[in-house]
Protein chains: 2
Amino acid sequence: MSGWHGWFTIEHREAHSQARTGRLATPHGTVETPVFMPVGTQAAVKTLSPHELRAVGAQIILSNTYHLYLRPGSAVVAAAGGLHRFMAWEGPILTDSGGFQVFSLASLREVTADGVRFRSHLDGSEHLFTPELSMAVQRDLGADIIMCFDECLAFPAPYDAVAASVERTTRWARRCHRAWREEGRPDRQALFGIVQGGVYADLRRRSAEALVELDLPGYAVGGLSVGEPAGLTVAVLEAVVPLLPADRPRYLMGVGTPDLILEAVWRGIDMMDCVLPTRMARHGTVFTSEGRLTVRNAAFARDFRPLDPACDCYACRHFTRAYIRHLLKVNETLGMRLTTIHNLRYLHRFMERLRQAVRADRLPEFRAAFYAGEGAALGFRPPEPATLPGA
Amino acid sequence: MSGWHGWFTIEHREAHSQARTGRLATPHGTVETPVFMPVGTQAAVKTLSPHELRAVGAQIILSNTYHLYLRPGSAVVAAAGGLHRFMAWEGPILTDSGGFQVFSLASLREVTADGVRFRSHLDGSEHLFTPELSMAVQRDLGADIIMCFDECLAFPAPYDAVAASVERTTRWARRCHRAWREEGRPDRQALFGIVQGGVYADLRRRSAEALVELDLPGYAVGGLSVGEPAGLTVAVLEAVVPLLPADRPRYLMGVGTPDLILEAVWRGIDMMDCVLPTRMARHGTVFTSEGRLTVRNAAFARDFRPLDPACDCYACRHFTRAYIRHLLKVNETLGMRLTTIHNLRYLHRFMERLRQAVRADRLPEFRAAFYAGEGAALGFRPPEPATLPGA
């Protein structure tokens, strides 16, 4: 779509890596990249209000088509005036295609040429998801960025299965592209293709080349962060990113730990999402500048310091480890809210520092300092180099 | 305690009732009465942050000694610098004595001359609560207002059982008074006595007179809102309030519906607390100017109005019934937070209107309008007159 040329502006290319900073202009405002997107599965980032999301520095959030399709239904969201108005989040939103949940959460009935017949994980009701339905639902939800309906296999998956899945994902992407252009809102919603292909270099190439032909507003790398070692994640990025058009945003799906964010940005990724930082927080584990804290531990019962003395978030400005531990132990939801606020603030500050390092051409220094200090304290090591089969 | 003369200032006495407005000067700020106190059972009003509490208009909150004694333990709270600092609530706090929960929640082992031996409702561990321990725990928690350790019987209870219970509560109050003066903080913590006596006028009189002899900073009416008809609640107030010193604050424990708040204020009550508005909210029912809404109902699935178009709370300013219903249906805790904010804001605005009516000598008009309009829509009727046995 010619309308999408120039919607993503690259501002700086880092001198020593593939990293770049940029700006994504959406109908709901501009996003500075590289960006981390918190996940609001059911039209809410668990435990948070949209104003708290804004306060932690969130620029854009992700929401899940599969979940919203089941509850409250996309017709309700459309009647509300779209997802932004429904959930009172005025910033940009990205919706996924539903594919990942259909293949992982639902009871799968049948993958046909047309789409996927499945049973809801909630009540067992039967549904048929097709590329066209995913596009229609995402059109009704009204996100700024929407995703092609894809198939995401578990790791490891045999070559032949991945090859067949890439074929299917490619055919579905073409149907999504058509539906988006003919019945969608190609003027207001940016459609991203999703490169699949597992850890097989030639299948990744086949997938990427077919999607690039469609000249989409953006490209995602899918099928990663599904259990493979970090070295393979990185190797796939090194194989795929050079195949994607440099002037389109690149989105790595499902990555949200500081180490992999850093490695992905180094390799030219602009956008990431993950439920991990918020899920970890609800289970009582937080990232801090001094390492990981499992706040529920007895060690913190009388620790009257903030979660992270170096943090400026609402939780760290007002509450102690001892109080947050108490809240988590007695199941007061404020506890999960405070750890969620903290972890998201931590990650958004990390992204700010990362963007600064890119702009200053100091990503190697940032990376070395990270693995020598804060990253090591958090338990992160540089990924072990790995080679892709078929590379 | 002579230090407590004048800590409560009556500003206006309503011309047609026993109602009055006043100001309670505590070490953590001044409270305008009549006042409703939200309940923060475990050092948090469920789902809310202290800043949200402030925003709904909360002036003073209640917290439960029994719960805090078990978790995190009063020594932890004391080490934090007291409950205010522990939970980051800078306003006044009242703690109850633990008596109500010991008799209702715990497995009761034995009531002795010394106190009550019970097993924790959490882990079955055995504890002995005495008046002196209740005072020591409440001293460590550091609330602005603390309560005498009392026995609260269920309704109905036979005369002899209530008589024995009043004797016990009176003896315990004397011991609390002594412990407070000798080992407590009588300079910073106001001790309230609790009038018991069930629905028996002579026992209520006996209880009140014994407590008044102690010249306490304030007096509570306990043993109500335990299942008795509203007419009896009101009749007990009419029997007890005239026996209490006019210049001390009067606190009706466990009342939190607008109708009973109004009736209690009419009869000279200055303070009230109840978990009902917050518990109702978490179950999805809210008070509005147009009646009660059970927001979970399917009727609200596409209702894009605020909970109450006449309300100025955070929930009503930003979110619709449809969205809040969705959140409640999918168990997103933001839903319970929004309904809690709304119900507390509703009640605090109700208290503001009530104080205005008292100051303007218009309480009869306010009461008539309430039962003819908003109160009727909420399902409230004036209590049926009732007579106390032995009155």
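For all residues, glycine too, the Cβ spot is worked out from N, Cα and C.
Keep in mind that what you see is a predicted model, and the values were worked out from it rather than measured.
Annotated features, as they stand in TrEMBL:
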ACT_SITE  B:Asp96  active site, proton acceptor
ACT_SITE  B:Asp273  active site, nucleophile
BINDING   B:Asp96, B:Ser97, B:Gly98, B:Gly99, B:Phe100, B:Asp150, B:Gln196, B:Gly223  substrate binding site
BINDING   B:Cys311, B:Cys313, B:Cys316, B:His342  Zn(2+) binding site
DOMAIN    B:18-372  domain 'tRNA-guanine(15) transglycosylase-like'
REGION    B:254-260  region 'RNA binding'
REGION    B:278-282  region 'RNA binding'
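Distribution of TrEMBL features across the structure.
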| residue | record | DSSP class |
| --- | --- | --- |
| B:Asp96 | active site, proton acceptor | coil |
| B:Asp150 | substrate binding site | coil |
| B:Gln196 | substrate binding site | coil |
| B:Gly223 | substrate binding site | coil |
| B:Cys311 | Zn(2+) binding site | coil |
| B:Cys316 | Zn(2+) binding site | helix |
| B:His342 | Zn(2+) binding site | helix |
For the region 'RNA binding' (B:278-282), the distant same-chain contacts (Cβ-Cβ under 8 Å, at least six residues beyond its ends) come to 38-39, 45-47, 336, 339-340, 342-344
Taken over the region 'RNA binding' (B:278-282), the predicted model's pLDDT averages 98
In DSSP terms, the region 'RNA binding' (B:278-282) comprises 5 helix, 0 strand, 0 coil
Counting every protein chain shown, other Cβ atoms within 10 Å of the Cβ of B:Cys316 (Zn(2+) binding site) number 24
If you measure between the CA atoms of B:Gly98 (substrate binding site) and the residue listed as 'active site, nucleophile' and round to the nearest Å, you get 15
As a whole number of Å, the Cα atom of B:Gly223 (substrate binding site) is distant from the Cα atom of B:Asp96 (active site, proton acceptor) by 13
DSSP puts the residues of the region 'RNA binding' (B:254-260) at 3 helix, 0 strand, 4 coil
CA pair B:Asp96 (active site, proton acceptor) / B:Asp150 (substrate binding site), Å rounded to integer, equals 10
One should report the C-alpha separation between B:Asp150 (substrate binding site) and the residue listed as 'active site, nucleophile', rounded to whole angstrom, as 17
Around the recorded Zn(2+) site (B:Cys311, B:Cys313, B:Cys316, B:His342), other residues with Cβ within 8 Å of the Cβ centre, ordered by sequence, are B:Pro306, B:Leu307, B:Asp308, B:Asp312, B:Tyr314, B:Ala315, B:Arg317, B:Ile341, B:Arg345, B:Tyr346
For B:His342 (Zn(2+) binding site), the number of neighbouring Cβ atoms whose distance to its own Cβ is within 10 Å equals 28
Expressed in Å to no decimal places, the gap between the Cα atoms of B:Gln196 (substrate binding site) and B:His342 (Zn(2+) binding site) is 33
B:Cys313 (Zn(2+) binding site) to the residue listed as 'active site, nucleophile', Cα to Cα, whole Å, comes out at 20
Cα of B:Phe100 (substrate binding site) to Cα of B:Asp273 (active site, nucleophile), in Å and rounded, measures 14
Counting across all protein chains, other CB atoms within 10 angstroms of the CB of B:Phe100 (substrate binding site) number 22
With neighbours defined as other CB atoms within 10 A, the best-packed of the binding-site residues B:Cys311, B:Cys313 is B:Cys313
